[in-house]
Each structure stands twice: as C-alpha cells, then as structure tokens.
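Database features, via TrEMBL:
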{"type": "REGION", "residues": "A:47-74", "note": "region 'Disordered'"}
{"type": "COMPBIAS", "residues": "A:52-68", "note": "compositional bias 'Polar residues'"}
{"type": "DOMAIN", "residues": "A:87-206", "note": "domain 'FUZ/MON1/HPS1 first Longin'"}
{"type": "DOMAIN", "residues": "A:247-345", "note": "domain 'FUZ/MON1/HPS1 second Longin'"}
{"type": "DOMAIN", "residues": "A:374-472", "note": "domain 'FUZ/MON1/HPS1 third Longin'"}
Amino acid sequence: MADFDVEPGAARDNVLVASESFENFEQMSSSLEEIMSVNAISTAAEIEDDTTTNTQEDITHNQENGSEINEKQEDVENSLDWTNKRKHIFVISTAGKPIYSRYGNEDKLAWLFGVMLGLFRYSRDSIKSIHAGDTTYVFLSKKPLILVAVSKTGECVNQLTLQLNYVFNQIVSMLTLKRLTKIYDEKANYDLRRLLTGVDRLIDHLLDFSENEPAFTLGAIQCLPLAISERDSISKIIKDACSKIRNLVFAILLGNNRLISLVQMKKYHLHPADLHLIFNLVQATESLKYSESWTPLCLPRFDNSGYLYAHVSYLADDCQACLLLLTVEKDVFFPLSEAKQKIVEKLRMGNNLEHINTSLAALEESALATGFPELRHYLYKCKSTVQFYQPALCPPYTKNKVRLIELYKRAHQKMHCPTRPLKLSFERSSDEAVFSWDTKGFELYAVFEPLIDTASAINCVSKLLNWIKKREDKLFHLNAYTF
Amino acid sequence: MASNKKVLLKVIILGDSSVGKTSLMNQYVNRKFSNQYKATIGADFLTKEVTIDDRTVTMQIWDTAGQERFQSLGVAFYRGADCCVLVFDVTAPNTFKSLDSWRDEFLIQAAPREPDNFPFVLLGNKVDLEPRAISAKRAQQWCQAKNNMPYFETSAKEGLNVEQAFLAIAKNALAQQNQSVDLYNEFPDQIKLTNTQKSNGGGDSCAC
C-alpha cells in the first residue's frame, strides 16, 4: 500500500515503554520487573550486564498538603440531572465506605455505595459487568479498593475498565500501593478521604481528560512537532545540565499536553500510562505555574511501592512548557532548582525557547490544510514507540470532540475486541466513514466524509502514510537520550 | 484532625428476624413507623447526618437481614464497621438468647484489631408492648459482662429513645476512630534503583 520498509514514527531507541493498551494494564509491576520486560520487548535496547549504581535511599513521605476539598453541590444526588449523567464513577473501600463519586456528595450517597458493595459481595467478588438497557455497570476489584463505572456512553467493558484502572493508578500515585494496602490491612474501616484531600480534583480532571483525549484509548503519547535537530538539542541541554546529579531518573519537558523531550536514566523507561498521570497532574494543577514545586509522586507502572520526588516548574514566564525532574532522593530540591536554571539559560541562548513557543502557538494543521480534503481527522499510532499523531480538529467535530473520541473508541474496540479482533475495517454511516487499520507496526484510524468511496479512501490512506513518514522526525520523539 | 473534615461511620445493625431493626432505622432516619412486617432481603442501606461536637458525621447504616437464610450474605458486610448495634425484642426471650452468637459471629467475621474495645451498643426494642419477657436489669447485667456495653430501651413505634441511642452509637464509633489518627504518614516508601535486589512491591501487586 505505502512504500516504506519501516512504519512511520518507528525509532531505533524506544523513548517510552511499548505495551498493548489493554492487556498489560491490568497489573502494575515494580520497576524491576518492568525493566526486565522492557528489555525483553524493545529489541533495539542494548543488553548490558546489570551494573547500574545501587543506591538505597530511605524516603519518608511528606505530610499530605491540607488543601481544602471543594464542596460539591448540595442535594443533587436525588435529582434527574444526577441520574441522567452519562457516566458515573465510584470508588469504594472493601468495607463499603465511599471514597469518591464523580458527581454529587459521596457522603449523601453512602447508601448507594452499600448497595454496590452488596452486589459485588453477593457475586462472591467475581462480578465484572452488568448490562441493563443502554447502561453498562462495570466493577473493577483492585485490592483494597473496588471501582465502579455506570455508563450510558456505549463504551465497552474493556474501555471502562481501562478508565477505572487510571483512577486507581491516580490514587496509587498519591499514596503508593504499599501504603494503601497497609492502611487497610491495619484498619479495614479507614476513611481514605482523610489522605486524599485534593485528590478528588485530580480524579475529576483525569476522567474528563481521558474522555477528551485519544491518548488514553491508544495508550500512547503525542509529541510537540519540532525539527529533529531542535528536539535533540533540547534533550542534550537537559542531559548535560543533569548529568552530574545522582539518582535523577527522568527529566520530562512537556507543553500543551504534548511531550517535548524525555531524558531518562540508563535502563529505566517511562510507561505511557505514568506519563498520562503526569500530564494530568500538570494540567489540573494551576498553581504549578506560579512557583517551583517539590512533590512526592508514585508512578504506578514504574514502581508502585515507592515515591519519586518531582521538581516541577514552568520554563519561564514567556515559555509555557513545564519541566519535571524526577529523582528518588527526597532532599535535592536545590540542586535540581539550579539545574533547571541552567537548562533555561542554555535553552534561551540557543533560541530553543523561541522554537518551542512557535510550535506551541502553531499547533497541528488540519488534515484539510495538509492536502487531504476528504479526510476529516485521523489518529496514527506507531506501536513500537507508543507515540501517536493527530491533526487539528476540524468541523463537524470542533464543537463536539467527545463524539469524535467516541467514534475512535468504537473503532479501537473493533480492532482489539478480545474474542474477534479485526485487522482492517471500513464503515460508512450517514455522518462519516471510518477506516481502521491495525498492522504489526502501527494503528491508523481515519474519519472521512461520508460519501467517499472505498478506493479513494484507501488511496488517501496510502498517501497519508507517506506524508507521515516524510515528517516522522518532526512529529515523533525518535532519539532517546539517557543520563 | 481539623474539625471540618468529613467523617463517615459504618454502622451495622444485627439481631434476630422481626426484632425491629428496620423499624428502628426507619424511625431514626425517616421518622416513620409501620406495623406491617416486611422482611429485609439481604441488606438495606440508609444514610443519616448528625452533628456531634460541631462535627458533621455521616452515618452509613447497614440494616442486615435477620433471617437465617441471608446470613451468609450478611457476614460479608461486617468488615470495616465502626460500630455494631445489637437489637433484641424485650417480649421475646429467644431473641435475647441469640445475642451472644450475634456478637461472636460479628467479631469473628469483622475481625476488628481490638475485639475487646470494639464499640457495641445494645437496644432492647418494643418496650411499648406487653408482656415483657426480659427485664432491664437482666439486659444490663449482660451488657456489664460485655465490657460495659451501653444499653438503651427503645420503641421504634413510639420513637422512644431512638434518637438518643443512635447518638450514643455515633459518639462511640467516633471516639474509637479518633484514637488512631493518621499513623499513616510515616511509612518510608523507598524505591531501590538496583537490578540485583528483589523489590517488595512486586509480589503483592500481582495478586490484584
């Protein structure tokens, strides 16, 4: 179909941990196992002997900050408005105590949490889903918590489970799984909301975020378009500024929900699911813009038993890219703060800030603008690097992005249905035509004008793949830098 | 803890069938009473907000079925309770005799960390009815032997003592909760950047 040997976006070094979006998500692993599995799948990664520096650092957890929970609306719990929400999400302790409800005050819904635990227990903890009319109820047991989705969105059980998994990971990223388990081992009646003050806001944001961004469904990351020399020069500046700092594991530069640069400690890889949580944290926390922050953060796929410590700051008032430096040391704020200053100086001197700003301001072009008039929108995911690209939104989806995302979710489900996965599908409705293609190297989902014929669609897809291939070094983060 | 933090208490109501568990709860939460007997199937859940010493406390009340055929379902709910309310019918001696087994079964299934100090409250219901089979004195003696469990004589029908009893229940449970405030900020969670040592976190995470 398209004339190239390697799929667009593939790279010699994997920047991110490649994995299937559903399957591996069920379990979280420690960084150790993670590293082994990463080495196993990333064929390009060099296999060296295990002589990385061994450091053991006691990390004590900082006091949870005591910011106030925003009081939710009163007495909405019995209203029609509440009942008609398209998707409810609940988190329950195994004792049946409410921990989180997406809508309404969970205290007032305490009875409902009891009913949910009742259903779960009555099935001897084995219930996965209930289908009643247009509503799907999904239960996910993640000891010591139970997560429930009640959805009218038409998403399948797998997709809802994926979203619940993200919610669980968000909670783990604040507490670590070790601590969460220990708390409930010691006190089954513990009211977890004591430790999750402010986290409900992050979960709220995560849910909206995952319903508006294809990144979650694809299990992939989108990069800010930058010339390869530009991205390399940024990565090199970050690497050089941090090379002397012990135990720095990841340096992540992101802007506008796109990855700009990722530099990692040798042998350690960041999982896209962890990166999604980081994107969520940055996007949901306005206060990060105004100061340098220092926060403990557990990345569940990297290591769910402990914290990394993150130095978080925006590059400059005139450059709204956010830099995160993650280390296992709990008291290196000042060295990292100095490193950040150095990075900003060099980026400024090298005009990199300007280039980042230009790209942040320009955003992606629409498919129409790049010479594909019948193509409304598309998602291209390179599997080996778990990165994806999408053009700018265009009508009729600019006002209703969720509808587009749901189209993609349906298409994605068809390609990944556990019982009968498809490889290729072209489906036309009165509103649009959706082309989905799952190959060994990439996944492509393209939304066309409804009247396009099959031959033109295939022709267009072929042209599109060549177009992406030509720009792959700009659209994707290809070269991996390590400390 | 700051006084404005939310508190939620899980309260389990236990006792033989038809002693008035659901009626007590209905009287307390909805201020309603019905003479008609409707057996609880499985369990009922109700929520009531109370204010104790300027704190708003939400009581999540788990009204379990007294009938034996629902027992296996009931016990699955006991874990993580903050207080257990035992109910008997003052006109029915056998409901009083079952109290020991209800209490024992609860302690086995709920497995609280300190079973001796777990807050129970005993309610002798239907004091509006005659003839009386269990005297207040006999019930109090039983309570004394059980670590001075508080005892209330109630009538769900007339609303007698119901409010007071539930207030005592909330206070007891709250006192218990406050004894162990945030022991949980001290765990050293360490990430070991090493390829030679087995991490502790790996094993238990796969059990999920």
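Yeah, the Cβs are placed from backbone N, Cα and C, and that goes for glycine too.
Automatic prediction, not curation, is the source of TrEMBL annotations.
For the domain 'FUZ/MON1/HPS1 third Longin' (A:374-472), the DSSP counts in helix, strand and coil order read 34 helix, 29 strand, 36 coil.
Each residue in the domain 'FUZ/MON1/HPS1 third Longin' (A:374-472) has a pLDDT score, and their mean in this model is 94. Look at the domain 'FUZ/MON1/HPS1 first Longin' (A:87-206): DSSP puts its residues at 53 helix, 30 strand, 37 coil.
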